[in-house]
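According to Swiss-Prot, the domain 'ATP-grasp' annotation covers 9-236. The ATP binding site feature in Swiss-Prot is assigned to LYS45, GLY52, ARG53, GLY54, SER94, GLU99. Taken from Swiss-Prot, the feature Mg(2+) binding site covers ASN191, ASP205. Residues or ranges marked as substrate binding site by Swiss-Prot: ASN256, GLY318, ILE319, THR320.
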Amino acid sequence: MDLFEYQAKELFAKHNVPSTPGRVTDTAEGAKAIATEIGRPVMVKAQVKIGGRGKAGGVKYAATPQDAYEHAKNILGLDIKGHIVKKLLVAEASDIAEEYYLSFLLDRANRTYLAMCSVEGGMEIEEVAATKPERLAKVPVNAVKGVDLDFARSIAEQGHLPAEVLDTAAVTIAKLWELFVAEDATLVEVNPLVRTPDHKILALDAKITLDGNADFRQPGHAEFEDRAATDPLELKAKEHDLNYVKLDGQVGIIGNGAGLAMSTLDVVAYAGEKHGGVKPANFLDIGGGASAEVMAAGLDVVLGDQQVKSVFVNVFGGITSCDAVATGIVKALGMLGDEANKPLVVRLDGNNVEEGRRILTEANHPLVTLVATMDEAADKAAELASA
């Protein structure tokens, strides 16, 4: 579960990670009241679970409470990459001497944890990794030993933080590790981690992802779930017991099985590079069954995304045979009627594949293109999305 910034900062306070005081509100009047209470210039920050807030006008400096009110009026209701701003964090503005970057995350490839630290904070970390890789330290963390002050200082030193802040930064880094472990997080990211003119270290921004598999031992995390702010397509998918995650691309993905769906994301992203940077629009696993009702629900969710230009249905027939899947696709298109208005690229393989292909061929639906291999299907879906 991804947290809003204000929720992440609640965990900062719980674990004594230094940050700036502030409160959340959903009205312009509330923003003015909080700014008045703080009594200093503030930052008015849109609360959305996506990057790029600043470039979209979702983060503003307010010198006075009236400025906070005016900014809040403009930010509330703002559409940031499909996310509508419904809440604001109003936090005390901080004097900044330098900006750094710090994160803890799972290193799945090496089956361990990873600390990342850089003196180049305040910008997209992907940009730092691409343009100044020598300025980004990637430090493996032993899960048993963890991060004590000495190791935290080493992380800061490898990230090229100035010598005069190493000890202070180490304290904050150790506290962030404590949070990471205690809260069963898969990501704790601070960008920027700043040094003030008086050499204090503050975590000004916060991005935290919590591991839903640990909910059974983290009952307090339930309060962080915000159904009103959850993507409506994700809510619709949840109602049908479908595993759906919205992304920012143009090719809708439907796969039966999480592994196949993940592989489909990869091949579409690769194929999309040849077609103007087309990307996957979602992850959707319809599970082992692909009945007409399940397929219709999946298509309904995927086609509800206005960014989707084509759909790639990638199914491997196992217990559910390919002929049953093909029948489900044909029936689903009939059930959806005019709502099924984007081209579908279908790739079938596995149990009874020839019969499945025959059913789709004879149906001769104008929206359906039947393709033999996954690579060809990904290329076709990306081509259609770029047209």
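One is the number of the first residue shown, and numbering goes on along the chain from there.
Any Cβ shown, glycine's included, is placed from N, Cα and C.
Annotated features taken from Swiss-Prot, shown on the structure.
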residue : record              : contacts (Cβ under 8 Å, 6+ apart)
LYS45   : ATP binding site    : GLU5, ARG53, GLY58, VAL59, LEU88, LEU89, VAL90, ALA91
GLY52   : ATP binding site    : ILE80, LYS81
GLY54   : ATP binding site    : none
SER94   : ATP binding site    : THR20, VAL194, THR196, LEU202, LEU204
ASP205  : Mg(2+) binding site : GLU5, VAL190, ASN191, PRO192
Original post:
Closest to GLU99 (ATP binding site): which of the binding-site residues ASN256, GLY318, ILE319, THR320, going by Cα position?
Top reply: ASN256
**OP:** Measure the Cβ-based neighbour count of GLY318 (substrate binding site), defined as the other Cβ atoms within 10 Å of its Cβ.
**Re:** 12
Original post:
Could you give the maximum C-alpha to C-alpha distance in Å for the residues LYS45, GLY52, ARG53, GLY54, SER94, GLU99 that bind ATP per the record?
Top reply: 20
Original post:
Taking the residues the record says bind substrate (ASN256, GLY318, ILE319, THR320), how far apart in Å are the two Cα atoms that sit farthest from each other?
Top reply: 11
Original post:
Which three-state DSSP class does ASN191 (Mg(2+) binding site) fall into?
Top reply: strand
